Amino acid sequence: MERLQKQPLTSPGSVSSSRDSSVPGSPSSIVAKMDNQVLGYKDLAAIPKDKAILDIERPDLMIYEPHFTYSLLEHVELPRSRECSLSPKSTSPPPSPEVWAESRTLGIISQASTPRTTGTPRTSLPHFHHPETTRPDSNIYKKPPIYKQRESVGGSPQSKHLIEDLIIESSKFPAAQPPDPNQPAKIETDYWPCPPSLAVVETEWRKRKASRKGAEEEEEEEDDDSEEEIKAIRERQKEELSKVTSNLGKMILKEEMEKSLPIRRKTRSLPDRTPFHTSLHSGTSKSSSLPSYGRTTLSRLQSTEFSPSGSEAGSPGLQNGEGQRGRMDRGNSLPCVLEQKIYPYEMLVVTNKGRTKLPPGVDRMRLERHLSAEDFSRVFAMSPEEFGKLALWKRNELKKKASLF
């Protein structure tokens, strides 16, 4: 009996919402009418969980159906209660708490007095979505991999070997696609990004040379024919002019004789203009038209520091700057054309006591070049060629010892 009193037995009813104007949709405004009883939001939440939710279309309209049957008297009153719940009065605001408590106790007593007939409980309908599983291959996560599908489809080891052969064949083509048979292969096109082959270049060069040779021979034959015609015409003119004995005729004959001289030379008589011949003959042809000091300057642009033994700087006959005209000083872009004057060693010595006044036109960085051969060998105990072969730091050390740095 206590269990029945704790569990409120309600008849099927409807849930309506009387929304307050101030707070629309608040939980306190949701009420339910069951057997002429008005239940609030908290009592709706206290309904046992074994009640089945049949249809949820709106959050404020829920229909509850109990698991037990009702008596004949309750079935007679059922349409009336539903009419009351669907009437416009059902949307009226909830009554006071006193009226609601009295009506609730009366309903509980009436439900307890009626005999309860137990019925078979019905399973509740699920209120969540189940995906369709009509087709077995609809779930992609349960499918085997593609290569296993092919194995299951083929089944035989021959199909497996065929697939492997296809994979190997497709790997030979770019992007695993065979080339279009209508288009030429990439290697057969004219475009080739790499340097040309020497064999191909040589064959093309021979073809061009043969074609040029044939064209030159044809031109020479035409020139020979035209020259013969011109000679014949001039001979006729000479014969006609030789008949004229006046001075005017002699002058015209002289002019024709001058014109008959070979003016142009054929291409075969010209020198070969290959890079090898040009490099060999260009130096002699250019230097022959220049004066002697110009030839020396242009032909010898290396310094005496890098010159081999036996150069002009070390020979006694080319002293006084004769052999040093063509020397190109380190750091200067132009060769030193002016003569290097020779001074005695005492005039070139630099002392630490005071700044020594050097002679005008002296290279302060290379004072040893203004020494004579005898003074150079006496100061440095070596020839200028040997001094030039030394390292820079070694030369500077020797010049410091000799007070020339």
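Any Cβ shown, glycine's included, is placed from N, Cα and C.
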TODO: Could you let me know which of SER87, SER96 shows up in Swiss-Prot as phosphoserine?
DONE: SER96
Task: From the candidates SER71, SER81, SER103, SER333, the one which Swiss-Prot records as phosphoserine - done: SER333
Task: Which candidate, of SER170, SER197, SER372, SER377, Swiss-Prot gives the annotation phosphoserine - done: SER372
Task: phosphoserine: annotated position in Swiss-Prot, out of SER11, SER315 - done: SER315
Open item on the list: Where Swiss-Prot marks phosphothreonine, which residue is it, choosing among THR114, THR274?
Closed with: THR114
Open item on the list: If you check Swiss-Prot for phosphoserine, which of SER28, SER113, SER260 comes up?
Closed with: SER113
TODO: From the list SER307, SER383, pick out the residue that Swiss-Prot labels phosphoserine.
DONE: SER383
Open item on the list: Roughly how many Å lie between the Cα atoms of SER372 (phosphoserine) and SER383 (phosphoserine), rounded to a whole value?
Closed with: 11
- [ ] Mind checking which of SER226, SER372, SER383, SER403 has the fewest other CB atoms within 10 A of its CB? They're the modified residues.
- [x] SER226
TODO: Round to a whole number and give the Cα-to-Cα distance in Å for the pair SER226 (phosphoserine) and SER383 (phosphoserine).
DONE: 70
Open item on the list: Tell me the Cα distance separating SER383 (phosphoserine) from SER403 (phosphoserine), rounded to the nearest angstrom.
Closed with: 18
- [ ] Across the whole of the region 'Interaction with RASGRF2' (224-308), what does the mean pLDDT come to? Round it, please.
- [x] 58
